[in-house]
């Protein structure tokens, strides 16, 4: 499933920081042309316009760094305003392979094929890409979304049905011979979630656009190339360390995922953060439903509740492992306006939720920063985004370096049961145990049968919370 043409090009000198190629309007790369090529918001995702097939069919495609398949609606759907009709494209080629992708909430099933794509505000030229046409879906397309497909920008280890499906970005790197790096800015800080309009943003393919950040870029290593997995060292609320074992922050992984709407925290971390916010906020009594996401909190529209809440800081390991840096978000990013009631009340939601299997740096945090996915040097960079402002004041910060002498040398578990071979081995061992137990039961003439109760953890799927917590 790797469309034939060309060989992978090594990164050009100076390409890692993107500056060497930024002023090349006649070539493949013109970063300024990609500025503000996204629309959307954190509640419904940020999307890019793309032209697919011959003649071209225009669709909006959700940008998701937490999955790896490129897929578009292939049949009419009640919640989709447009879809891709492969029968109308002379360049579409079906592979005849069925593929299913499951998310934390929602799933789709489709058929793999290839076709040509162009991006009006992206790279110059047309490229042949693996594309899944979605024929059936459940809780994937939701009312009010303005996108018609998903652009998975993670590594091929997450691609379905196998890693042999070349990802969208890998295809661009090979065919367009661009550096193996992209960067993302989402501009929805302090603005209503799922409002009537859309906010802007930028997806820069092949490098970094200097106008999209201020100050320095701070880089943290990618721990493993499947999701963009990073290492969290500690969290602070209002400047106070939560004092948890650093492995709690990485249970069982910590990832950077634009397809997740909120900041998701492992349950123990989430509980500690909620307690710390409640303790340091200026609100004496607060409904538990607000923290769990089942209730909104409303204030008079003349009031700004953000002054009542503390700053939240996440410490990431620097490329120099003896150092760290922290990214901080002010409450304007995690206390999110969502709807207006009558003439006087503005209601807000809590932009943080609990997770059973990951710490996910989603849109709640990413809207504060220009995020660089430097795959060539296996690192993720963060810089302050100029559009991360509310009422003219910045709502995000980056500070460092700090020493890591007070944390463990490795906060990430070395057990990697997400690897396909280890999953297969674990299931084989479970099956063997089941057979042995069955034999023992028969030999001992014990009536009760040995049963295995399956849980959600037994399902190997894509963990991106693409549609989780969206306002319906």
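These residue numbers are counts, starting from 1, taken along the chain as shown.
Even glycines carry a Cβ here, placed using N, Cα and C.
Unlike curated entries, TrEMBL annotations are predicted automatically.
Keep in mind the model is a prediction, meaning the values are calculated, not measured.
In TrEMBL, the annotation transmembrane segment applies to 421-446, one of the ranges 395-420, 421-446.
Across the structure, residue 64 (active site) and residue 257 (active site) place their CA atoms 7 angstrom apart. Checking each of the recorded positions 246, 257, 347, 411 against residue 387 (disulfide bond) by C-alpha distance, the shortest gap belongs to 257. Taking the C-alpha positions, the distance from residue 246 (disulfide bond) to residue 320 (N-linked glycosylation site) comes to 18 Å. Comparing CA positions across the recorded positions 257, 298, 347, 411, the one lying closest to residue 320 (N-linked glycosylation site) turns out to be 411. Shown are the disulfide-bonded residues 187, 298, 387; the one with the most C-beta atoms within 10 angstroms of its own C-beta is 187. Considering only the recorded positions 187, 257, 411, the residue whose Cα is spatially closest to the Cα of residue 298 (disulfide bond) is 187. Note: the CA-CA distance between residue 187 (disulfide bond) and residue 257 (active site) rounds to 16 Å.
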